[in-house]
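Read through the structure below, which is laid out as structure tokens, and then see the notes.
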Amino acid sequence: MRFSTACVVCTAAIVGQASAQTFQRLGACPTLGCVFPPDQSDFLPGQWFDIRLETHAPQNGSEVVPGYLTPDENFTFTLAKDGQQKDCKNAASYFKIAEPAIERWNFTWYEDLFAQAAKTPSMVKVAAKAYRKVALYEPGNYIATLTYGNGSVTQANWTVRDTKISQKAKNVIMFIGDGMTTNMITAARLIAHQSVNGKYQSKMAMDSFPVLGHQMTHSIDSFITDSANSATALYTGHKSSVNALGVYADSSPNPLDDPKIQSIGELFHEVRGGGVGIVSTAFIADATPGALTAHTRNRGQYGNVVDSFLNGIKNYTWPEFDGPDVLFGGGAEQFIPSSKSFQGLDYYQQFRNKGYNVVQNNTALKNASNTERTLGIFSVSNMAKWLDRNVYKNNTQIPKTAPDGSSAAATDQPGLKEMTLKAIDILHKRNPDKGFFLMSEAASIDKMMHVLDYDRALGELLELDDTIKATKKHLEEIGELENTLIIVTADHGHGFDVTGGVDTKYMDAQTSDRKKRDAVGTYEQSGLSQYMVANRSAPIGSDQNLVYSAGVDFPVNWDPRYTLQSGLATFPDHRENYRVHKKGPRIPALNVTGFSSNDFYVNYIDAVSGFLVNGTLPVSADQGVHSLTDVPVFAQGPCQSAFGGVYNNVDIFYNIATCLRLQRNKAPK
């Protein structure tokens with residue numbers, strides 16, 4: 001995209017060295033003048049956002065500029081539509097707001113691994129301003145220009161999208177399989193659906209969607225993303241940095257004052273007045289659910305995240321948000337009054353004070369009224385996995401996991417399907433005309449992939465697929481299927497794949513690691529899936545296998561003799577036997593007494609019948625990491641055709657927002 005530059009007069013620019021690949025002074029700010037939102041940012045017409053400006057003066061290290069040790073506090077910032085540069089105005093005049101005060105702070109950073117190892121940080125002095133709650137209403141290209149340091153210039157080219165989709169959705173349901181890739185879907189299909197002579201007799205619910213696309217997940221300043229900034233991209237249309245929720249990460253000391261961007265949930269609430277629902281099998285303050293309302297560069301601000309669900313953003317000028325209609329998940333530790341809850345408050349009571357019905361188990365969820373706003377917190381930390389709730393049920397008998405803070409176990413937990421269907425009932429009942437936006441996350445696909453527990457991860461994925469199937473049926477029953485855009489996607493991927501089969505009985509019988517590897521069969525010796533074979537017809541030697549049930553799009557047998565050789569591209573030191581972990585989620589690596597707390601070794605009680613696999617990650621890693629892969633996007637309903645092809649993750653936000661008609665071409669009264 002080409003932009004005119006007539007409004008910009010460049011003299012000698014003050015620049016430091018090019019940013020290193022691994023370490024950066026500040027993401028999306030390669031010069032000593034920073035503009036957030038940065039160059040190449042897109043906006044929905046009428047979407048609220050903040051502007052942060054910073055001028056940096058390095059005090060030591062490779063970026064020091066002789067004679068420039070004090071950051072310029074007299075910098076200027078102008079804005080103009082491309083082609084109208086002669087009419088450019090300073091930001092305060094352009095947005096008709098007061099000029100903000102100068103802020104000052106210092107920060108330090110490491111320039112590379114050598115500096116980090118030597119503990120020799122570089123210090124930077126900063127002068128900054130923040131313009132709060134502004135918006136651009138006219139589609140087109142804009143030029144934002146920061147001038148500082150005797151004529152140096154940082155220019156940001158912004159685009160307000162010309163949103164044109166002829167259809168309109170009343171409701172949107174956005175399913176997020178956290179960490180889910182096409183390879184995982186393929187593996188889940190293999191273990192849960194019968195195949196006869198290479199032809200499946202049934203398929204996944206996702207397979208029936210009429211439109212399939214792929215989204216690129218990289219973040220603003222790195223090509224590997226995390227769930228926080230990928231959720232930010234999906235919900236706001238703006239890429240950000242690792243750990244950031246609904247903001248661009250600045251360099252300030254305060255993790256809560258970074259420049260915000262309005263999310264799809266906030267927009268839908270403000271523009272349409274419809275209901276918002278948030279469902280997750282994670283602790284509810286986690287990144288994917290949290291990014292719908294929270295605005296912080298530190299996803300670990302869990303107390304603030306929970307408060308944002310209920311109260312929105314109160315410390316800075318921002319649109320009001322008085323809470324979702326539905327909030328379901330785990331994470332009771334942020335609600336029980338303690339050092340982990342926001343300001344030590346009882347957030348169950350805080351929600352009750354605002355009229356919420358509070359439920360804490362599946363029985364209460366089923367019986368809850370559909371007319372009340374409802375908070376459902378069903379466990380401490382992340383919720384129990386599908387495999388443990390349905391097959392290895394003893395694993396749910398964990399003391400002190402009950403959401404009421406007692407010493408009891410959280411044994412009566414709903415699954416993703418139960419939470420999602422109840423959320424739909426509440427949202428539909430409370431918003432019959434204005435519609436609803438619902439995000440439903442299968443969080444532990446990602447969490448189990450991280451710890452190399454592939455069976456549990458695939459169980460979570462199959463639960464998501466079962467939820468999608470039930471959701472479509474339920475929407476049809478209540479007359480809302482044709483009015484609802486359903487999106488199924490992921491926030492990022494893992495480097496997971498299946499490369500063969502494993503004879504676990506043969507592996508168990510071998511005494512050396514090298515011989516155990518002979519149990520792996522590739523190509524023609526990979527065989528066929530045994531996960532859909534019941535005991536009575538299972539291969540010899542598998543009569544101890546556990547049968548779940550047949551005909552429900554889940555494996556009949558989770559512990560066959562012949563399993564999948566599956567794994568990640570990168571991992572810590574661990575042992576691998578390719579068998580289901582019956583006693584609960586896996587711990588592949590751990591600390592050794594007497595060694596550093598960030599030095600991890602093979603867990604000596606994990607997969608003991610397997611062979612040693614040397615890690616490919618730093619020894620400080622105890623689990624796998626995310627990958628670069630594009631992830632799938634399935635779409636059905638109004639505007640479905642907009643989701644075909646290959647595109648950036650931010651495009652999902654713009655397509656959904658446009659389908660919901662959330663764009664505004666003039667300022668609200």
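Numbering starts at 1 and runs along the chain as it is shown here.
Positions of Cβ are set from backbone N, Cα and C atoms, glycine also.
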Binding-site annotation, TrEMBL, Zn(2+): partner of D446, H450, D491, H492, H626 in D112, D162, D178: D178
Collapsed DSSP category at S227 (active site, phosphoserine intermediate): helix
Binding-site residues clustered about S227 (active site, phosphoserine intermediate) [Cα within 10 Å; pool: D286, T288, E441, H450, H492]: D286, T288, H492
Among H450, H492, H626, the most crowded of the binding-site residues [Cβ within 10 Å]: H492
Neighbouring C-beta atoms (10 Å sphere around the C-beta of D446 (Zn(2+) binding site)): 27
D178 (Mg(2+) binding site) and H450 (Zn(2+) binding site), distance between Cα atoms, whole Å: 11
Pairwise CA distance, H626 (Zn(2+) binding site) versus D178 (Mg(2+) binding site), rounded so that it is a whole Å: 11
Zn(2+) site shell beyond D178, D446, H450, D491, H492, H626, criterion: Cβ within 8 Å of Cβ centroid: G179, D226, S227, S230, I445, M449, A490, G493, H494
Assigned element (helix, strand, coil) containing D178 (Mg(2+) binding site), judged by DSSP: coil
